[in-house]
Amino acid sequence: MRSGLVDFHCHLDLYPDHAAAVERCERDGVFTLTVTTTPKAWPRNHELASATRHVRAALGLHPQLVADRAHEIGLWEELLPRTRYVGEVGLDAGPRFYKSFETQKKIFARVLSLCAAAGNKIVTTHSVRATKAVLDMIEQYMPPPRGRVVLHWFTGTAAEAKRAVDLGCYFSVNAEMLVNEKRTAITKALPLDRVLTETDGPFTQTDARPATPSDVWIAVEGLARLHGLTPADMSATIMRNLKSLLAEQS
Ligand code: MN
């Protein structure tokens, strides 16, 4: 088992046995950020993560749930002082969620503003079909000195990647972002010193079953190939990037 891997966006509470999923990260030495889709899920995630060295729990309100759960922003605000890690939050302008896009923007503006006011937060962010809107809102509500955004599963253009870098963003890259030429070209536009890895498990697959944090080595190998590095060097780069991200602003 490779240790020292980083899965910076995974939903450990959506596996059949949440506690066992947390335990596996700890056993395998995978530094894992477990994200929540509703703030109601955060206290239990935080409780399980707190007993570990490798797992931390992020406080989220997923844009795909905002249509039904916008009122939970109150609970989200109440819990925010208890964690540095925020997510999954962001915007989704895909056809299934576009009807709530205006509400999503209100919630995301509130999230970023409160994170900016608190300072030193790390925010793992969803941006499906909404890269430009997400970047506009980061610029407006939480510019670089006030916090750090990690763009999860980035699908923007090279110009948008450049803009995100200027806004201090990091990128968490999963194996799906390396499966074909078009996606690989986008991934290659991300500067090596801002790249982290993720699985987004259980929403991605490895060998026709839900990916787990240990499967993140597939993304490490893909990134290594893309940049002409050995997997060990790529893995060391990702660990260094994680340390830089965590060291910033604190
Ligand atoms: Mn996710």
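Every residue gets a Cβ built from N, Cα and C, even glycine.
All annotation found in TrEMBL is predicted automatically rather than curated by experts.
Among the candidates Glu78, Glu88, the residue that TrEMBL names alongside His9, His11, Asp200 for the divalent metal cation 1 site is Glu88. With a cut-off of 8 Å between CB atoms and residues at least 6 apart in sequence, the same chain places His9, His11, Val35, Thr36, Thr37, Ala58, Gly60, His62, Thr124, Thr125, His126, His152 near Glu88 (divalent metal cation 1 binding site), listed in sequence order. The Cβ of His126 has fewer other Cβ atoms within 10 Å than any other of the binding-site residues His9, His126.
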